[in-house]
Amino acid sequence: MSKVIVMNHPLIQHKIGIMRMKTTSTKEFRDLVSEVAMLICYEATRELPLADIEIETPLVKTIAKEIAGKKLCIVPILRAGLHMADGILNLIPNAKVGHIGLYRNEETLEPVEYFCKLPIDARDREIFVVDPMLATGGSSSAAITMLKNKGISKIHFLCLIAAPEGVERLKKDHPDVDIFIGALDERLNDKGYILPGLGDAGDRIYGTK
Ligand code: PRP
Ligand code: URA
């Protein structure tokens, strides 16, 4: 059964509060997407396996720790996930990055796929799919299905804001995927927008509306 972890850290709550304000500028909004993604990633990587590594400090030899195995791969869902990936790369600069292009048809709310490019060794890596908004769950569920169809299994999902409807959909479709959420909101409106939410994440990041 998937774990659903909602962040209660004051820094995350504070920053998401600013993102929700309609007066927040495009630049400030974009910076906050990266910062909050980095903070959520800190929590989402808490259980990564470690291995011992022998090193030399300036004084002695000792055993230090390093992240075991083939390390990580961040997979942003385009467009809005891109800035989350940028923030996470500040924390994990050696992670590889795959891209999945999906947008929601505004009438049917069904995801439409237009791009998928992944690192060649993605199957060996721990995958972090990132998208600021988990609304109906259609986009994130489809993205994770695309990854699974390519033989990828170790998948986590990170978002800034989720609606309960989206969380339920993702838990049902992908019970093996842990979900890390910055803030869990009340519900969707009749156009599939999260309430209270922050509006259209892609448009606010890129200033397209
Ligand atoms: C937004 C958001 C998610 C999706 C969430 O993207 O970034 O990908 O909607 O909605 P869902 O859970 O109901 O599928 P959008 O389709 O607006 O594309 P964009 O990032 O290119 O703006
Ligand atoms: N996509 C967004 O960007 N915002 C929402 O509230 C729902 C889907």
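First residue shown is number 1, and so on along the chain.
Each residue, glycine too, has its Cβ placed from N, Cα and C.
Note: TrEMBL annotation is automatic and uncurated.
The following features are taken from TrEMBL:
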type	residues	note
BINDING	Arg79, Arg104, Asp131, Pro132, Met133, Leu134, Ala135, Thr136, Gly137, Gly138, Ser139, Asp200	5-phospho-alpha-D-ribose 1-diphosphate binding site
BINDING	Ile194, Gly199, Asp200, Ala201	uracil binding site
DOMAIN	6-208	domain 'Phosphoribosyltransferase'
Shortest C-alpha distance to Gly199 (uracil binding site) - which of the binding-site residues Arg79, Asp131, Ala135, Gly137, Ser139: Ala135
Ile194 (uracil binding site): nearby binding-site residues from Arg79, Asp131, Gly137, Ser139, Cα cut-off 10 Å: none
When distances run from the Cα of Ala201 (uracil binding site) to each of the binding-site residues Met133, Gly137, Ser139, the nearest one: Met133
Binding-site residues whose CB lies under 6 angstroms from ligand 1, from Ser139, Ile194, Gly199: Ser139
Binding-site residues close to ligand 2 - of Arg79, Asp131, Ala135, Gly137, Ile194, only those whose C-beta is under 6 Å away: Ala135, Ile194
Spatial neighbour of Asp200 (uracil binding site) that is closest, considering only the binding-site residues Arg79, Met133, Ala135, Gly137, Ser139 and their CA atoms: Met133
Model confidence over the domain 'Phosphoribosyltransferase' (6-208), averaged pLDDT: 96
Residue, out of the binding-site residues Asp131, Asp200, whose Cβ gathers the largest set of other Cβ atoms within 10 Å: Asp131
Check: same-chain CB within 8 A of uracil site center, minus Ile194, Gly199, Asp200, Ala201: Pro132, Met133, Ile161, Tyr193, Gly197, Leu198, Gly202, Asp203, Arg204
